[in-house]
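Colleague: From Swiss-Prot, here are the annotated features:
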- 98: active site, O-(5'-phospho-DNA)-tyrosine intermediate (ACT_SITE)
- 9-110: domain 'Topo IIA-type catalytic' (DOMAIN)
- 17: site 'Interaction with DNA' (SITE)
- 53: site 'Interaction with DNA' (SITE)
- 55: site 'Interaction with DNA' (SITE)
- 97: site 'Transition state stabilizer' (SITE)
């Protein structure tokens, strides 16, 4: 049972994978709620990597991109500014140094 709890499977309580939960938590700790100013995505990814998720930055940023794309999630958890991809090519997002983000109104409900 312990192995299943630490896997990258969505939790039944909120539907988030561990990396997604860490991104939302780190953004809330940075004060990036829905009414705050946008902050560079590289800052958020660096904070997540340094404190909570010691894996590659591309995996963390791709998880954040999926949470920001309105065509990937029914209720996007991240409000993004910049090039976050297109519905016909979702992998065409810009590098994290060119995008900015904050939490959406939906993520404040978590």
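Every residue, even glycine, has its Cβ placed from backbone N, Cα and C.
Values in this document were obtained by computation on a predicted structure and should not be read as measured data.
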Colleague: Within 10 Å of its Cβ, which one of these recorded sites (17, 53, 55, 97) has the largest number of other Cβ atoms?
Modeller: 53
Colleague: In Å, rounded, how far does the Cα of residue 53 (site 'Interaction with DNA') sit from the Cα of residue 97 (site 'Transition state stabilizer')?
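Modeller: Computed Cα spacing between residue 53 (site 'Interaction with DNA') and residue 97 (site 'Transition state stabilizer') is 19 Å.
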Colleague: On the 0 to 100 scale, where does the mean pLDDT of the domain 'Topo IIA-type catalytic' (9-110) fall?
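Modeller: For the domain 'Topo IIA-type catalytic' (9-110), the model's average pLDDT rounds to 93.
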Colleague: For residue 55 (site 'Interaction with DNA') and residue 98 (active site, O-(5'-phospho-DNA)-tyrosine intermediate), what Cα-Cα distance in Å is obtained after rounding to a whole number?
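Modeller: On Cα coordinates alone, these residues lie 21 Å apart.
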Colleague: Between the Cα atoms of residue 17 (site 'Interaction with DNA') and residue 97 (site 'Transition state stabilizer'), what distance do you get, rounded to the nearest Å?
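Modeller: It is 24 Å, counting Cα to Cα.
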Colleague: Enter the number of other CB atoms within 10 angstroms of the CB of residue 98 (active site, O-(5'-phospho-DNA)-tyrosine intermediate).
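Modeller: A 10 Å sphere around the Cβ of residue 98 (active site, O-(5'-phospho-DNA)-tyrosine intermediate) contains 12 other Cβ atoms.
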Colleague: Helix, strand, coil: count each for the residues of the domain 'Topo IIA-type catalytic' (9-110), based on DSSP.
Modeller: 38 helix, 12 strand, 52 coil
